[in-house]
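Trainee: Sharing a structure here in structure tokens format.
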Amino acid sequence: MENELGTPSSVAPGQVTEAWARIRGRLREEVGEVEYRSWLRQMTLSAIEGEEAVILLPTRFLRDWVRNHYGDRLRSLWGAENLGVRRIDIRVAPESRSLEAAEAAPQADGLAGAAPVARAHQTTLPLAEPLSSPPRGPEPRVPESRNDWAAPLDPRFTFDSFVVGKPNEFAHACARRVAEKPASPGFNPLFLYGGVGLGKTHLMHAIAWAISFNGQRNVAYMSAEKFMYRFIAALRSQSTMEFKESLRSVDVLMIDDLQFLIGKDNTQEEFFHTFNALVDAGKQIVVSADKSPSDLSGLEDRLRTRLGCGMVADIHATTYELRISILQAKAQGAEVEVPPRVLEFLAHKITSNVRELEGALNRLIAHANLFGRPITLESAQEVLHDILRAHDRRVTIEEIQRKVAEHYNIRLTDMSSARRARNVARPRQVAMYLAKQLTSRSLPEIGRRFGNRDHTTVMHAVSRVAELMQSDSTFAEDVELLRRMLEN
Ligand code: ADP
Ligand code: MG
């Protein structure tokens, strides 16, 4: 967003909507699903009046509860959005439009929020945009509203919030391209694949937001699972024609987690026909899965072939650099400071995927807020100790030596030999580095296991490998790969 320090009078409605969605999302993460649903889900944002955000709740009881228990937190979350909001006012909703709108809008997963707010505040917010524009003009931010069967989009998943690094730059570039020019030759379908928690859904939502923001295209996003349920429901109620027609009326169809359709032959068949009809009509398809089309065994051959015809882009596992960038980006908006050392610690320790990394950071921030204490390396270790332990599976130095030797195709005995040739010495250094990172052995102990070397040799190896990882991304990926293999 361009206008980070804007005052209310220069804040665009979209920014407020997004900020509000983020605040709700953040609260929900902090307090947990049950508490959120009990107390907070019914909040709606009615207006920004000067420096004050007016939040509505349907009853006095809820108003008092939220005011007493979450008032301060809401204020500081609003403050952190830098939109000029310094106070909040929590009120009981009059029989107002904003409330009706809130109730009429789909509240699936308590995530919606964005839709009703967009309507509600358009009439009350002092906006830079001309107020003469019709309050109920086109609402490009709510693409899902046109298809009752499409899933809502997460307002946090935009291109702006997606951090690009080597492992995802290709997928990101393809996604951008499709968002700018849907259905261009060579990019249809766009098939995104990669492991869990690496940003597939994020990129798909980002495409959907961008397309629906740019124009009046009809975008439908849903999980493959939902697609199947809809299809089965249509079969049951003998309304498959309607189902087909509504699907074929979209301009962009996005199906997430296609692997779910494996073994579901009828649904695959239906999808295949929809797919062909849409592509023939010049519409864009975006699909995600955990594997490439050719590795998705159990998918009908003709569908697999069709899926591989456009652009296939994979999202690789994260590298240390990307994890650091993501953490920095996510920590930036937080109202507590997260020291760089803590970010580095997290990036080193939590290598599985971005979702877990994010979860760990959020937990640290929530904890610091709750107890009003700064975040330190020690507090991080304490607060995250269960997550860290899960990641801290005991790896032995022998295992490391074996894996590294295999990987670089040298003999295991060379790990402890005196040979100094580069092709042997470098892998040995990598093994030492990994031994330091992945085990709790001391430097002298590690030295002993590598042919009785001195602890200063190990120290040198560790800093040399770290240096090389900074300057040579291929090397860094190699080391990360080894680390992951050893950790799993
Ligand atoms: P997937 O669909 O591949 O399982 P998601 O798209 O749901 O993964 O991503 C999991 C979480 O990690 C989301 O909260 C998402 O915003 C975040 N995330 C993943 N990759 C990135 C990235 N490159 N930059 C910022 N956030 C990311
Ligand atoms: Mg996903």
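Cβ atoms are placed via backbone N, Cα and C, with glycine included.
Sharing the record's features from TrEMBL:
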REGION    1-102  region 'Domain I, interacts with DnaA modulators'
REGION    125-149  region 'Disordered'
COMPBIAS  138-147  compositional bias 'Basic and acidic residues'
REGION    152-368  region 'Domain III, AAA+ region'
DOMAIN    186-389  domain 'AAA+ ATPase'
BINDING   Gly197, Gly199, Lys200, Thr201  ATP binding site
REGION    369-488  region 'Domain IV, binds dsDNA'
DOMAIN    396-465  domain 'Chromosomal replication initiator DnaA C-terminal'
Trainee: Among the binding-site residues Gly197, Lys200, Thr201, point out the residue whose Cβ has the most other Cβ atoms within 10 Å, with all shown protein chains included in the count.
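Mentor: Of the binding-site residues Gly197, Lys200, Thr201, the most buried by Cβ count within 10 Å is Lys200.
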Trainee: Give the subset of the binding-site residues Gly197, Gly199, Lys200, Thr201 lying near ligand 2, defined as CB under 6 A from any of its atoms.
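Mentor: Within range of ligand 2: Lys200, Thr201.
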Trainee: What is the set of residues, excluding Gly197, Gly199, Lys200, Thr201, whose C-beta falls within 8 angstroms of the centroid of the C-beta atoms at the ATP site?
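Mentor: The surrounding set, listed in chain order, is Gly194, Val196, Leu198, His202, Leu203, Ser288, Ile315, Val354, Arg355.
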